[in-house]
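Peer 1: Found this in TrEMBL, in case it helps:
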- 57-80: transmembrane segment (TRANSMEM)
- 113-133: transmembrane segment (TRANSMEM)
- 153-178: transmembrane segment (TRANSMEM)
- 187-217: region 'Disordered' (REGION)
- 187-204: compositional bias 'Basic and acidic residues' (COMPBIAS)
- 319-341: region 'Disordered' (REGION)
- 319-329: compositional bias 'Basic and acidic residues' (COMPBIAS)
Amino acid sequence: MLLLAGVIGLWSMGSSLYNQLGTVMEQSFLFERRQALEVMPMLTHAWTLGQNALFSLLPLFLLLVFVALTAPALLGGWLISAKSLQPQLSKLNPLKGLKRLFSTQALAELAKAIAKSVLVGGVGAWFLVTHLGEFMSLMSQPVKQALANAMSLAATASGLMILTLIVAVLIDVPFQLWSHTKKLRMSKDEVKREHKESEGDPQVKGRIRSQQQAMARNRMMSKVPEADVIVTNPTHYAVALRYDQSKMAAPRVVAKGADEVAKRIRELGEEHGVPMLEAPPLARALHGHVDLDAEVPMALYTAVAEVLAWSMRLKSVREEGGELPETPHDLPVPSELDDGS
């Protein structure tokens with residue numbers, strides 16, 4: 001883009017540019033005898049000519065600077081980062097540098113750069129050979145005419161080389177797009193790594209969840225000795241109930257579980273002398289429809305009341321002696337709450 005801007009600038013400013021530069025060249029050969037014999041007058045004359053030449057080329061320079069600053073903004077904006085300026089010891093590793101230098105991508109870019117240089121250079125050489133006579137004739141022409149013809153030849157040669165470079169770029173663009181898309185694709189490991197970073201490591205989350213469940217289970221088990229009664233299935237389910245009339249509006253489920261957890265609840269109940277009652281329908285209803293630390297529903301009030309009354313009488317017999325209470329049978333459990341019915 002910078003080269004194209006330079007050629008356009010030469011074509012648009014060529015007439016005034018070569019007139020001004022021609023005048024500077026003519027003035028460089030015109031000086032007084034005193035200027036040739038003394039140093040300071042000659043330096044002053046040279047300084048004046050240099051300023052005139054610089055002012056003549058200034059519009060072209062400003063155009064090139066403007067294009068150089070604007071082009072990156074049009075392609076996505078300026079990227080200013082101090083991170084690349086930070087010292088890194090890894091940059092001093094020669095092995096990494098050689099690896100980047102001889103990587104497949106680096107070799108491919110080198111091959112493309114060489115091909116473009118050969119192609120553009122070949123066009124330039126062809127133009128020079130075919131217009132050699134015109135270049136040679138510049139030496140016999142007046143200064144301003146020679147400058148005009150030289151700039152015309154240079155602009156034409158630059159235009160041809162730019163067209164050649166544009167063709168090469170058009171051929172290279174599809175490959176660059178394909179390569180860029182390929183780089184953006186993530187491998188399976190990268191997808192997993194990104195998922196871990198955004199969602200967390202599934203293994204770590206699983207361990208945390210297991211620890212949380214274990215802690216919750218331990219807290220639940222610590223309440224089993226405080227239960228008033230444990231209702232069992234007798235082997236699949238176990239539900240521990242507690243009722244404190246001064247603090248609770250209704251009996252609560254303080255612990256419940258199935259299989260191994262139920263077995264542990266029964267073991268703790270036996271160790272601490274908690275009464276246990278085999279009532280499969282009630283055990284299933286409590287386990288399936290009452291959450292931990294929740295009150296039993298009104299539909300189970302009658303059945304739970306009979307169980308608690310039996311438990312209290314049994315505790316009284318254990319403490320004071322007497323005849324064992326009759327074990328409750330046929331407890332009223334609604335069919336919609338009994339998952340095994």
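Cβ from N, Cα, C; glycine included.
All annotation found in TrEMBL is predicted automatically rather than curated by experts.
What does the local environment look like for each feature on the list?
Peer 2: Through the fold, the region 'Disordered' (319-341) approaches residues 277, 279-282, 284-285, 288-289, 297, 299-300, 302-303, 306-307, 310, 313 of its own chain, all at least 6 residues removed from its boundaries and within a Cβ separation under 8 Å.
In the compositional bias 'Basic and acidic residues' (319-329), helix, strand and coil residues by DSSP number 2 helix, 0 strand, 9 coil.
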